[in-house]
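Notes to accompany the following structure.
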Amino acid sequence: MTEFRYNHVNKLEISHIVIAIYPGSFDPVTLGHLDIIERGSRLFEQVIVAVLRNPNKTPLFTVQQRLKQIRRATAHLPNVEVDAFDGLTVNYAHMRGAQVLLRGLRAISDFEVELQMAHTNKTLSTQIETVFLATSNEYSFLSSSVVKEVARFGGSVDHLVPPHVALEIYQCYAQNHPVSNPTTMEAIPILKMPMESPTQKREQQT
């Protein structure tokens, strides 16, 4: 009888483990993303950071590079896994046995888009719930696009991404754009003044 109850409780505990999927492109992963991941890891037994393979976009980093970056940034979180997927997020969630989609909200504009996506996912799978976490105030402006824009124009991203990611971003833009708008003698057009004829010179002297 005791053994039966023990096994029964174990099965209940296993069935109630909540797995959350945190999907995104993470190109690159930012401190805002990591804020959501860390807080999600305290709410759920397991968080899977799912990097989307999107063949329609040309990313700054490959999927493998992003997986490596995120794994290094989340190495201190034992219940966080990093994986890649393609196709519908709800299909991937079913495959991994997840019950929750974790999303971060930065502003009201985010909420409108995310709410529409949550409703769409709900029509695709009634078993999947979407949980929203408001981004911490210091990261409310932050996105991967902002990071790339700042880096592209030579700004510092040290306060926006993990140190190892910042280094890779600098290396990437240094390789792709060695010099931004170089100012050299070759780049400056030389304006040639038209030569005056002898007749024009005599007219100016008179």
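Positions of Cβ are set from backbone N, Cα and C atoms, glycine also.
A TrEMBL annotation is a machine prediction, not a hand-curated record.
Features of the protein shown, as given by TrEMBL:
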- Ser25, Lys57, Thr89, Arg103: substrate binding site (BINDING)
- Ser25, Phe26, His33, Gly104, Leu105, Arg106, Glu114, Tyr139, Ser140, Phe141, Leu142, Ser143, Ser144, Ser145: ATP binding site (BINDING)
- 21-149: domain 'Cytidyltransferase-like' (DOMAIN)
- His33: site 'Transition state stabilizer' (SITE)
Tell me the coarse DSSP state (helix, strand, coil) of Ser25 (substrate binding site).
coil
Tell me which of the binding-site residues Ser25, Lys57, Thr89, Arg103 ends up closest to Glu114 (ATP binding site) in space, Cα to Cα.
Arg103
I need the most crowded of these binding-site residues: Ser25, His33, Glu114, Ser140. Count other C-beta atoms within 10 angstroms of each C-beta and give me the top one.
His33
My understanding is the cutoff is Cβ-Cβ under 8 Å with a sequence separation of 6 or more in the same chain; which residues meet that for Leu142 (ATP binding site)?
Thr30, Leu31, Gly32, Arg106, Thr135, Leu160
Cα proximity to Arg103 (substrate binding site), best match among binding-site residues His33, Ser140, Ser144:
His33
Measuring Cα to Cα, how many Å separate Lys57 (substrate binding site) from Ser140 (ATP binding site)?
25
Can you check what DSSP calls Leu142 (ATP binding site), collapsed to helix, strand or coil?
coil
Rounded to the nearest angstrom, how far is the Cα of Ser25 (substrate binding site) from the Cα of Leu105 (ATP binding site)?
16
Tell me, how many other CB atoms lie within 10 A of the CB of Leu105 (ATP binding site), whichever protein chain they belong to?
17
Round to the nearest Å and give the CA-to-CA distance linking His33 (ATP binding site) with Thr89 (substrate binding site).
18
Between Ser25 (substrate binding site) and Ser144 (ATP binding site): CA-CA distance (Å):
9
Distance in Å spanning the most remote Cα pair of Ser25, Phe26, His33, Gly104, Leu105, Arg106, Glu114, Tyr139, Ser140, Phe141, Leu142, Ser143, Ser144, Ser145, given for ATP:
18
Test of understanding: give the count of other CB atoms lying within 10 angstroms of the CB of Lys57 (substrate binding site).
10
